[in-house]
Amino acid sequence: MNTYSNTPWDALEIGMEASAKRLCRAEDFLVYASSSGNHNPVHLPKGDHDGDGEADEPIAPSMWVASLISAVLGNQLPGPGTLYKGQNLRFLGRAHAGDELTVTIRLAKKKPELLAVFATTVTKADGAPIVEGEATVIAPKTKLSFAADDLPGLTVQRHVHFDRLLELAEPLPALPTAVVCPDDPKSLGGALLAAEHTLIVPILVGDEKKIRETGVEMGVDLHPFEIIDAPTDSVAAARAVQLVHEGRAGAVMKGHLHTDDLLRAIVKSDGGLRTRRRLSHVFCMDVPGLDHLLMITDAAINIAPELHEKVDIIQNAIDLGRALGVEVPKVAVLSAVETVNPKLPSTIEAAALAKMADRGQIRGGIVDGPLAMDNAVDEDAARTKGIRSLVAGHADILMAPNLESANMIAKQLTFLAHAEAGGLVLGAKCPVILSSRADDDKARLASCAFAVYAQGDGPALRASGQVENLSPTQQTRLIVERGGDKQVVDIEANDHAGALSAILGRADVLFGGSTVAGVGHRVVHGGTDFVAPTELTPEVIGKLRTLEPLAPLHQPHNLDCVEAAIAAFPDAVQIACFDTAFHRTHPFVNDTFALPRKWFDEGVRRYGFHGLSYEYIASEIARTEPDLASGRVVIAHLGNGASMCAVRDGLSVGSTMGFTALDGLPMGTRCGQIDPGVLLYMMQHHGMDADQIANLLYRESGLKGLSGLTHDMRTLEQSDDPHAREAIDYFVFRIRRELGGMSAVLGGLDALIFTGGIGENSARIRREVCAGQ
Ligand SMILES: Nc1ncnc2c1ncn2[C@@H]1O[C@H](COP(=O)(O)OP(=O)(O)O)[C@@H](O)[C@H]1O
Ligand SMILES: CC(=O)OP(=O)(O)O
């Protein structure tokens, strides 16, 4: 508590000084406007000072700045008991929100009858004075002190989080949205308002006559909008669902129809928008005074969810939180108390949910419970109760025990704490915007903005491409895909540096006008040192170069590209993501060779590769097949390089590739698993040196070596040559053998997933691998 005491008139001495610093905040200007009644827009956030239609930065009201002088006089010198007699002011400059101001007063004169005259100045951080003047005060006669914290707190009813999200969402691509039955002014107005703010492109689905009549009644022009005539509510809902299937809509918005009618079309098992996730509703609330968004779930759909349903409800909310920019959302599973009590079933479920999250059954956030409302959102309450938790006091998401309690929390916040609420239904193939008749414009816009975030997968892909046939004997080609349009361009390039410069040459055509802020690189080998994405400094590049002998087909080219990209974009941040990193959760038995220990310690171990591919697949499993996220999964990445990975609970527990990307499955030109005795034989009986053996194993073996024809699976599949057939048979045989071994390691198998050029495209290989399984 701040206690101030004064200096009575008798003790004041000429030259005495006091000062205070104060950061100007937009809230201060709002409080001033409210208490003084001065609503001059130049002092208000978002005010338009010059009438050009654009919001200007608010200017601190001069009398508010001057009031800071009175604070120093009243609190410090002379302090409590001081009364103004007069103050003259000269305003020399202006302050804005964000400026730090320093107020200084200096006693210039003492006069009879307790009068004291102070020179007063207010300066900005750069020392420039913005106010100068002189204060004459009646100083206190006797010693006094007071406690500042005795004042009541003030909360300004602003919704800064929504304002910020809307500002950030408006420049994003507008989301094509099927608006179902917008045939009353509220729902049509909400859709048109969101379109005006470039959040959605509405497709109006419903009774066309009624929609047009509503447009006339509201005096709005509906020409720019597509209207799809659907005579009844249920036909309109079904048509909206169809628009999503056709890829024409990325969200559905409820208009003037019963929520049940809309949801019935969405959850329809045949042709609806169901995923394996349960549908749930999330309220996102901007609560005045709270420094972050607060999400509450489920206040609208699941009445009394059971444990497994709560898993989906939490996961939906975490996914939305992440889409809204909360990196690791903190989830408080609420009950009436924060200890597990068998008489309160919600406490037992909360504890189970927290444990499930620890074990990876809920992902992407931190889940803790049971927590009571006070210690979920208030740090002091959590501290007082001695709760040690990353969530307590800081919850982003409140998971309520049931619909009634969630609904009450959300409504209390809206109507008692003046929160603004937007909401979405999640868990379907696309977000469903459910606004309520009570929503104001900001709430409606926020719900649409949430849908834009929920539907966007972070940064948008503007173009992709690859270089093919990088060899002196073939015509090298650059293939670029952009918005469904594919272009194939012949390029002059014999090596990776040439290929990269061809790519960079196109970058300007593709992204003209944009600057490159960052470049992400796949780097195959991270060794023991690099287990997470790492910025590529000269020192890091040096260390990665030492790993080139362990991945001669990849590492040197990866690093050549890094250096070419640094030269092309010197100001961009360059990040390496490692193929080995995902496998660092392997148990020792997978990673070691049965060699003397010193070799393991020196880094001679099974690293495993294709980790970026496996990590992506694992994240997609969690997103699209949550039931499998904690399952036993084998992923077969079958491309020119080929390997398999055993995944349990989303983590790699084994890989067929080893110290180098040679081991395991046979590949396009690599041998895969081989008896090391073969290499000794080659050295001892054929006099082959390391380079010759490396060339044989990396470039002349695998499908190419066995078939004697080509490394390319497409050509082998079309060939009648028996050696081609045998090469494919060997490929399939080794995959099946590894699959058996991995299933044993996992203690069973819940799913086998294929990826890579062969895995994705060759139905024949998939069929032969799975035959009889
Ligand atoms: N339709 C297809 N049928 C069979 N194999 C295919 C098909 N399309 C691509 N492939 C094979 O995929 C392999 C290349 O896989 P890919 O993952 O693109 O390569 P990389 O490992 O070099 O990234 C080649 O053997 C190619 O023949
Ligand atoms: C590690 C590896 O083999 O990679 P790729 O499949 O790209 O050759």
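We number each residue from 1, going along the chain as drawn.
Cβ coordinates are placed from backbone N, Cα and C, and glycine is handled just like the others.
So that you can see what the record holds, here are the features copied from TrEMBL:
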BINDING   Arg522  substrate binding site
ACT_SITE  Asp579  active site, proton donor/acceptor
SITE      His610  site 'Transition state stabilizer'
BINDING   His637, Leu638, Gly639, Asn640, Gly641, Asp712, Met713, Arg714, Gly757, Ile758, Gly759, Glu760, Asn761  ATP binding site
SITE      Arg670  site 'Transition state stabilizer'
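Where TrEMBL records a feature, it is marked here on the structure.
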residue	record	contacts (Cβ under 8 Å, 6+ apart)
Arg522	substrate binding site	Asn558, Ala576, Cys577, Asp579, Leu612
His610	site 'Transition state stabilizer'	Asp579, His637, Gly641, Ser643, Cys645, Ser655, Met657
Gly639	ATP binding site	Gly668, Gly756, Gly757, Ile758, Gly759
Arg670	site 'Transition state stabilizer'	Leu553, Gly641, Ala661, Leu662, Leu697, Tyr698, Ser701, Gly702
Met713	ATP binding site	Gly668, Leu703, Ile728, Gly757, Ile758, Ser762, Ile765
Asn761	ATP binding site	none
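Fewest other C-beta atoms within 10 angstroms, among the binding-site residues Gly641, Gly757, Gly759, are seen around Gly757.
Taking all protein chains in view, 27 other C-beta atoms sit within 10 angstroms of the C-beta of the residue listed as 'active site, proton donor/acceptor'. Listed in sequence order, the recorded positions among Asp579, Gly639, Gly641, Met713, Gly757, Asn761 whose CB lies under 6 angstroms from an atom of ligand 1 come out as Gly639, Gly641, Met713, Gly757, Asn761.
Proximity of the binding-site residues (Arg522, His637, Gly639, Gly641, Gly759) to ligand 2: a Cβ under 6 Å from the molecule is found for Gly639, Gly641. The number of other CB atoms found within 10 A of the CB of His637 (ATP binding site), across every protein chain shown, is 28. According to DSSP, Asp579 (active site, proton donor/acceptor) is assigned to coil rather than to any helix or strand.
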